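Asks: Below you'll find the structure I mean.
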């Protein structure tokens, strides 16, 4: 049943009263509100009703507390220039009090607070002034020695506040200047996913998307180059079980037949160096147990099969070793005659007999671990530097890059450090966490400057 004409008329009249009340709330007090807003925010224009904001009175209260906690009666004597400080403090607190009154009036009218920048400056000054007042009074009360110590403390404190002004990050860049992500070399393969310097480790590195493989080469007593980082076999094999009397013997004093008797993977499950062994499934754990010491030939063939770059340190055999003086040429023989890799895939790092190596194989990518001058590097035909990440300098990297000398940094396994290397323009890094860094699509913290405002991506 429909409503009567009388009910409809009352309903319409009620709506008109609500609308009229809202209009009056919006326009009745505009002169008064405009005056308050002009004094408070230096904006002499119409203000519309806004949501009530929480009143920030902490500045005023802190100032009053600081002033009350310190009075001249506790000093024991009067110093004349303190009157000036007290007058300035009183003026600042009065100013803050007036701003507070204006803010309360604006809030009572339902207006939003907009504090002009000039008021903000004076407000911040009033916050720090009581601290200055207390410091001055303390200087008067203490001895000269204490003043010196306090001065030193304040100087150090002030210096700490200034430290951020001198900080620099390569990840603060102009928009569009970020280069490509550094390529990744698996450090001894993928040592978080498999035992280091084993066939399984390098296969994991390839599966994880590594563009290069890094390793260490030693020559056995009978002339077989094999992969081993340490000078002994103790850490990464079960030599203590197979040859208990030769645990600390140099790795190069073992023949290849003896090396083939060792397990190069069982230690990984026992020690779990990166806390990642639990992520392996049952089949992978069996595969780990069956890992042996690989030869350089096997390593190079794997890299050739997957078209990966390789870089390796070459350990010179100890005195009395049959290959003590022919270790370089023996290694080149494996590269040229026993493996299927192209010389251009090899980043040749050993510095010994570099001129001879260049003469025998000019296609090898000569790589240096010494950050020498550009002229010296060019004279030695160096095309890549292999440096510890602590040498990372955007200026140096750019200087080398300008003459076509790329830079590889080791060992970078943390995403934040990889991000810095990326922003600095590094060409490649050697990493233990290849499977982690490969997932990064951009640096963790990159700040670009569109329209002169930095934004974190």
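Every residue gets a Cβ built from N, Cα and C, even glycine.
Because TrEMBL annotations are produced automatically, they should be read as predictions rather than curated entries.
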Asks: Would you please say which range out of 78-107, 198-227, 228-257 has the annotation transmembrane segment in TrEMBL?
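Replies: Comparing 78-107, 198-227, 228-257 with TrEMBL, transmembrane segment matches 78-107.
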Asks: Pick from 108-126, 127-145, 260-278, 279-297: which range does TrEMBL record as transmembrane segment?
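Replies: Checking TrEMBL against the ranges 108-126, 127-145, 260-278, 279-297, the transmembrane segment one is 127-145.
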Asks: Which range is it, out of 43-60, 151-168, 169-186, 313-330, that shows up in TrEMBL as transmembrane segment?
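Replies: That would be 151-168, per the transmembrane segment entry in TrEMBL.
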Asks: Looking only at the domain 'GP-PDE' (182-441), what is the mean pLDDT?
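Replies: Value for the domain 'GP-PDE' (182-441), mean pLDDT as a whole number: 96.
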